[in-house]
Amino acid sequence: MAFIKEESEDVKIEETFRVKQEDLQEQTDIIEENEGSKEEEHHVKMKGKNYLQTCIFKRRDRNRFTCTQCEKSFGRKYILKIHMRSHTGEKPFTCTQCGKSFSRSSSLNNHMKIHTGEKPFTCTQCGKSFSYSSHLNEHIRTHTGEKPFTCPQCGKSFNRSEHLNGHMRIHTGEKPFTCTQCGNGFSQSTTLNIHMRIHTGERPFTCTQCGKSFRISSSLYRHMRNHTGEKPYTCTQCWKSFSQSSSLKEHMRIHTGEKPFTCTQCEKSFTCASNLNRHMRIHTREKPFTCT
């Protein structure tokens, strides 16, 4: 706590101001350092007060405070203190609603918006609201088409940094997310979550038209086109339209002549996998369809 005493000409009034230590460091950067640090004296005139407060500052050369773990340096000691929590794992700020903890008070304040439902940041293009300004900024890129995060390996661009980070694992081969059921590894946590539904049988996305359920939302979106008749994928050669991008991709092989699926028995090639599978029955003599 910091105590500030104010004196007037006629009466002596003592006022006690409670200031959080961290806030005090942010405002005045009053710091005590190790022996050998450079000491400076500063006179600070407090706003609206008729006195000078003397603050003693002890700083390292050029005001840099260096992390002993990773050598990263900071201009203020309180920022170094916050940074150190990334090494220690300390999370002193806990949500009273759900018990989740955070390393910064600002992160806790942002998290609380989940419980309050507060969404103060609104898109001027479509009116959609967000709890965080960073989420609004990311959303705006869907309107502008901006993709500022580019892969240095293949040049592919993304509108969010975490999408780039996940993509980079394709090049590095890193798969840090492992299924506890079967041991399969995945490059992204979202992919692992989707995979886990194979084991749990969970299908949280349900068609409102026919009741069919799906493991992932994109499968539901594709399925809905069966009901709406939407065909957003159009061939630039003959203008034929398709409900799914995979169907357009297969169709394009008619124009390009590409036949990537080859029979291992006779080396005959096909434009799509289903045609190859039907062809293979000639060799296996499989007859799966029986007259009833």
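Each residue, glycine too, has its Cβ placed from N, Cα and C.
Those TrEMBL annotations? Automatic predictions, nothing curated.
Annotated features in TrEMBL:
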DOMAIN    65-92  domain 'C2H2-type'
DOMAIN    93-120  domain 'C2H2-type'
DOMAIN    121-148  domain 'C2H2-type'
DOMAIN    149-176  domain 'C2H2-type'
DOMAIN    177-204  domain 'C2H2-type'
DOMAIN    205-232  domain 'C2H2-type'
DOMAIN    233-260  domain 'C2H2-type'
DOMAIN    261-288  domain 'C2H2-type'
Tally of helix, strand and coil residues over the domain 'C2H2-type' (121-148) according to DSSP?
12 helix, 4 strand, 12 coil
Looking only at residues six or more beyond either end of the domain 'C2H2-type' (93-120), which have a C-beta under 8 A from one in the stretch?
22, 82, 85-86, 129-132
Mind checking which residues reach the domain 'C2H2-type' (177-204)? Cβ under 8 Å, same chain, six or more beyond either end.
166, 169-170, 213-216
Same chain only, please: residues at least 6 beyond the ends of the domain 'C2H2-type' (233-260) with a C-beta under 8 Å from a C-beta of the stretch. Say none if there are none.
222, 225-226, 269-272
Do any residues of this chain, six or more beyond the ends of the domain 'C2H2-type' (121-148), have a C-beta under 8 angstroms from a C-beta of it, and if so which?
110, 113-114, 157-160
